[in-house]
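As written in Swiss-Prot, here are the features:
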MOD_RES   Ser7  phosphoserine
DOMAIN    10-97  domain 'RH1'
MOD_RES   Cys47  S-nitrosocysteine
COILED    76-265  coiled coil
DOMAIN    291-356  domain 'RH2'
REGION    329-348  region 'Disordered'
Amino acid sequence: MEEDRGSALAAESALEKNVAELTVMDVYDIASLVGHEFERVIDQHGCEAIARLIPKVVRVLEILEVLVSRHHVAPELDELRLELDRLRLERMDRIEKERKHQKELELVEDVWRGEAQDLLSQIAQLQEENKQLMTNLSHKDVSFSEEEFQKHEGMSERERQVMKKLKEVVDKQRDEIRAKDRELGLKNEDVEALQQQQTRLMKINHDLRHRVTVVEAQGKALIEQKVELEADLQTKEQEMGSLRAELGKLRERLQGELNQNGEEEPVAELGGEECVSEAEKVAMDLKDPNRPRFTLQELRDVLHERNELKSKVFLLQEELAYYKSEEIEEENQIPQPPPIAHPRMSPQPESGIKRLFSFFSRDKKRLANTQRNVRIHETFGQWANCHRDDGYTEQGQEALQHL
């Protein structure tokens with residue numbers, strides 16, 4: 001009863017939650033609450049009143065379960081996709097900046113080459129003029145005046161200044177080109193580091209998706225086991241209640257028939273024998289080697305430990321398969337970029353909601369069996385009334401006890 005109250009409170013709290021905060025367990029709590037309401041309706045009006053409604057409700061709850069599971073997986077995938085898109089945009093921006101920088105370097109080199117070509121042409125022209133002057137000086141025996149000598153010295157000084165300026169410009173441009181090359185190397189190193197970070201993030205994303213699928217499979221398996229155990233427990237309790245009710249009716253009917261026949265003493269003897277047989281049965285149960293030796297809580301603890309061990313074994317198997325696949329890929333040595341793993345919709349197993357609502361079909365079978373047993377008891381009572389004067393034989397009493 002306390003577990004039922006706890007599940008009912010959990011289902012009511014799940015109904016009061018916000019839609020964005022719902023989990024798969026909340027959906028199953030809601031399904032449990034709906035199942036209890038169906039039980040009440042069946043107890044009052046029978047199974048035929050809601051026989052056509054149950055499949056539709058089950059389908060709606062399954063759709064809600066799928067949507068909630070997608071909603072919990074979608075935010076993490078969206079964040080990873082946004083991070084990947086941001087890294088791609090940064091990479092594209094850096095590539096674009098490198099292209100612009102390369103174009104600027106090419107333009108600077110073209111300008112430098114043009115200026116160098118002009119200066120070289122000027123140098124060649126000056127050298128030609130110098131040669132002509134030297135030839136003219138060799139052919140002429142005219143002595144230069146001091147003014148002409150100073151003029152010639154000024155021309156040579158001007159050439160030296162031009163050459164010095166050209167050398168300074170060339171050295172400066174060479175230093176700029178070296179600095180640009182260094183910056184380009186640093187940019188390339190940054191791009192390689194970003195690519196390595198991108199591959200690492202994609203690998204982490206793949207591992208996280210793998211773990212999410214494993215955890216979802218474990219959760220679904222545990223939820224299905226819980227639902228099956230709850231359904232079995234409910235059916236067993238209902239069967240025990242029906243059997244107790246039938247046993248009480250049979251005892252009342254037997255006592256009434258014996259009182260009508262005026263055989264009160266055999267009834268007392270029969271009651272004494274039943275008490276003795278029950279005491280012997282208790283003694284035999286205490287001596288029985290197959291009697292239960294565990295409490296319900298201990299059994300639950302053992303089942304819980306078994307489920308944890310199963311989940312650990314499942315995780316280890318998944319990790320072993322994953323590492324084996326990585327070793328096979330490394331042996332093949334095929335350098336391929338890690339693919340972007342898009343989430344694929346795996347074939348959905350049988351939902352736990354169907355298992356939760358499957359006990360209604362068992363209730364129908366149980367009601368049919370109880371009706372058949374009641375008919376048998378009625379026919380047996382009619383036969384006993386017809387043969388009231390003859391008394392009960394030993395075979396009839398054994399059959400009555402068996403029933």
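Note: Cβ is positioned from N, Cα and C throughout, glycine not excepted.
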The residue listed as 'S-nitrosocysteine' in three-state DSSP notation: helix
Predicted model, mean pLDDT over the domain 'RH1' (10-97): 81
Surrounding CB atoms that lie within 10 Å of the CB of the residue listed as 'S-nitrosocysteine', all protein chains: 15
